[in-house]
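What TrEMBL says about this one:
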type	residues	note
DOMAIN	28-194	domain 'FAD-binding PCMH-type'
ACT_SITE	ARG173	active site
ACT_SITE	SER223	active site, proton donor
ACT_SITE	GLU315	active site
Amino acid sequence: MDKTFEMLKKELPGVKKQVPLAAHTTFNIGGPAEYFLPATTQKEILRAIKTAKKIKLPVFVMGGGSNLLVSDSGVRGLVVKNQVTSPVVLKKNNVVEAPAGAVLGKVIDFSISKSLQGLEWAGGLPGTFGGGIRGNAGAFGGEMKDTIVSVRALDDQFNLRKLSNGESGFSYRSSIFKRKNWVVLSAQVKLKKGNKKKLKEISNSRKDYRKEKHPLEYPNAGSVFKNVAVKDLAPIFQSEFADKVKQDPFPIVPAAWFIIGAGLAGKKVGRAQISQKHSNYIVNLGGAKAKDVLALIDMVKNNVKNKYGIVLEMEVQYLE
């Protein structure tokens with residue numbers, strides 16, 4: 001008899017055992033969660049975390065499963081999937097409030113429907129609103145931190161906190177929520193009045209760009225590595241990659257160029273492959289294992305470090 005499961009079941013009737021996580025990630029890779037709870041209200045998330053804490057069980061709250069690689073052996077403890085679907089709301093002064101579990105695309109569409117600009121750059125980004133905040137998602141010179149007013153979250157002691165933009169510790173593709181594994185519950189963004197037609201055009205053009213440039217035909221977790229700040233490159237490589245520099249929002253060289261330069265585009269391990277369409281993506285050709293992806297990640301890190309003297313930082317989170 002599983003006493004832990006029985007204790008969880010008393011407080012969390014929807015909890016399940018040994019649920020494969022592959023189906024809950026965009027990579028379609030990963031073993032089972034020891035215990036799994038799809039949570040549809042913030043009260044349920046809070047109850048799940050308090051219950052897990054009481055019985056000293058590890059707990060991880062996930063969103064849409066993008067930017068996530070789950071171990072083949074699965075995850076010990078309780079995995080809570082944030083499926084809170086409370087409505088996106090327009091407040092005073094062009095402030096939009098949304099739950100962390102809202103699909104990011106829906107928050108963008110809602111904002112555009114109200115002729116509000118500030119999120120249209122993120123058209124086509126996968127995952128949830130909370131996930132985008134946690135990783136300070138960015139593209140085309142925009143970042144989530146640009147519009148954040150406040151974030152409601154649970155800290156590492158599971159205390160309910162309301163943090164301002166400044167308190168959220170945003171940095172390149174990171175935040176206090178990611179660094180300390182705090183749970184984002186909801187957030188408010190401050191937007192500006194714009195032209196609805198133009199905003200739709202921008203959002204759609206971003207979606208079209210992703211379809212054209214990214215390997216969306218295969219399961220993937222998005223960009224595997226963070227882009228590299230120009231200031232972190234040796235002068236010889238600053239010159240070599242001068243024509244590849246982008247503003248993101250500061251001058252960077254996309255990680256893909258280092259992977260291509262190291263001759264790794266198209267490399268395979270098992271059923272995982274470094275995409276030839278966009279080399280900062282690792283794709284699941286069907287049946288790939290986490291160990292295959294990890295082998296490719298190590299291959300990239302080692303080869304890029306040997307050739308360019310830089311250590312690529314992970315953007316994808318590994319969960320075991």
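Note: Cβ is positioned from N, Cα and C throughout, glycine not excepted.
A TrEMBL annotation is a machine prediction, not a hand-curated record.
The model shown is predicted, which means the values in this text are computed figures rather than measured ones.
Here the features listed in TrEMBL are painted onto the structure.
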residue : record                    : DSSP class
ARG173  : active site               : coil
SER223  : active site, proton donor : coil
GLU315  : active site               : coil
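Between the CA atoms of GLU315 (active site) and SER223 (active site, proton donor) there is a gap of 7 Å, rounded to the nearest whole number.
In sequence order, ALA255, ASN280, TYR281, GLU315, VAL316 are the residues of the chain that are 6 or more apart from the residue listed as 'active site, proton donor' and have a CB within less than 8 Å of its CB. Averaged over the domain 'FAD-binding PCMH-type' (28-194), the predicted model has a pLDDT of 96. Listed in sequence order, the residues of the same chain lying 6 or more apart from ARG173 (active site) and placing their CB within less than 8 Å of its CB are GLY135, ASN136, ALA137, GLY138, LYS226, GLU315. For GLU315 (active site), the Cβ neighbour count at a 10 Å cut-off comes to 20, with all displayed protein chains included.
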